[in-house]
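Notes for the one structure printed next.
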Amino acid sequence: MAAADELAFHEFEEATNLLAETPDAATTSQSDELTSREHVAVVVGSGIGYGAEVGEEEDDKTSLLQEEKPQPRFWTFDYYQSFFDVDTSQVLDRIKGSLLPHPGHNFVRHHLRNRPDLYGPFWICATLAFVLAVTGNLTLVLAQRRDPSIHYSPQFHKVTIAGITIYCYAWLVPLALWGFLRWRQGTRERMGLYTFLETVCVYGYSLFVFIPTVVLWLIPVQWIQWLFGALGLALSAAGLVFTLWPVVREDTRLVAAALLSTVVLLHALLALGCKLYFFQPLPLDHVVPAPQATPPSPNVLLPSSIQPMTTS
């Protein structure tokens, strides 16, 4: 009986007194607390799982939309719009990389980063063509101021010639180079290859150094002009060689040397042709000779030598 009394329910006096003082107070048991905690844990855990599932579903939908989105055709404007989607900092960084080439620094890998653009090459070529035509005309204007006997007339055709020359060089030479490297890639399995747009981008940015060089050619001193021309050519050609070397080094030494020599030679011909054509010495038809007094013929009688006839 004593054991049964011990197992019977006993009311504590303190609890009874507290309930008597605050009859409206709610009471909870330990089992209720455990139940509520489990319920909260289940709700929180289910919320996290639901959020993760929603995130995964959104990622799947995004990837599916990207896959289902049709790629624009190469003859449409949308296809080329992505190549002009660059900001000023990217263009300035690529210009800086073309002006400061050094061995082991690949312009394509360090500056293009598999994102070639046409914005920089397009405007660099346009600026170079315009500067060539303007400075070529300014050379004649300055020469006329030094020698008034020189007759100057604006040569607007130089704008067209400069534009055709620069744009053809910036597109046709990279096209030929890319085609040759692609052909050599079929014979050499380990040989890498740049894309056509990467090659065009490299050539376009390599022409930027000629813009300040052409402006400095306004100095009317021949040896200074040739010095700045050689310096600009060296920087531009070095950038091309350092960029193309990782691609051609897997080929034979003869082919690599011949290819790089051809690249430098074509670059030198461009610079030399611009120097000799747009800054050439004045032709003879631009120089008007000063009028000179022609001596009279000895058979012609001057008025003072004619004597009046007298009659006797």
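Yeah, the Cβs are placed from backbone N, Cα and C, and that goes for glycine too.
The shown structure was predicted, so the numbers you read here are calculated from the model rather than taken from an experiment.
Database features (Swiss-Prot):
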- Ala2: N-acetylalanine (MOD_RES)
- 2-121: topological domain 'Cytoplasmic' (TOPO_DOM)
- 143-160: topological domain 'Lumenal' (TOPO_DOM)
- 182-193: topological domain 'Cytoplasmic' (TOPO_DOM)
- 217-228: topological domain 'Lumenal' (TOPO_DOM)
- 250-253: topological domain 'Cytoplasmic' (TOPO_DOM)
- 275-312: topological domain 'Lumenal' (TOPO_DOM)
- 122-142: transmembrane segment (TRANSMEM)
- 161-181: transmembrane segment (TRANSMEM)
- 194-216: transmembrane segment (TRANSMEM)
- 229-249: transmembrane segment (TRANSMEM)
- 254-274: transmembrane segment (TRANSMEM)
Same-chain residue ranges lying at least 6 outside the transmembrane segment (161-181) that approach it to Cβ under 8 Å: 121, 125-126, 128-130, 132-133, 191, 193-196, 199-200, 202-204, 207, 244, 247-248, 259, 263, 266, 270, 273-274, 277-278
Helix, strand and coil totals (DSSP H, G, I; E, B; other) for the topological domain 'Lumenal' (217-228): 7 helix, 0 strand, 5 coil
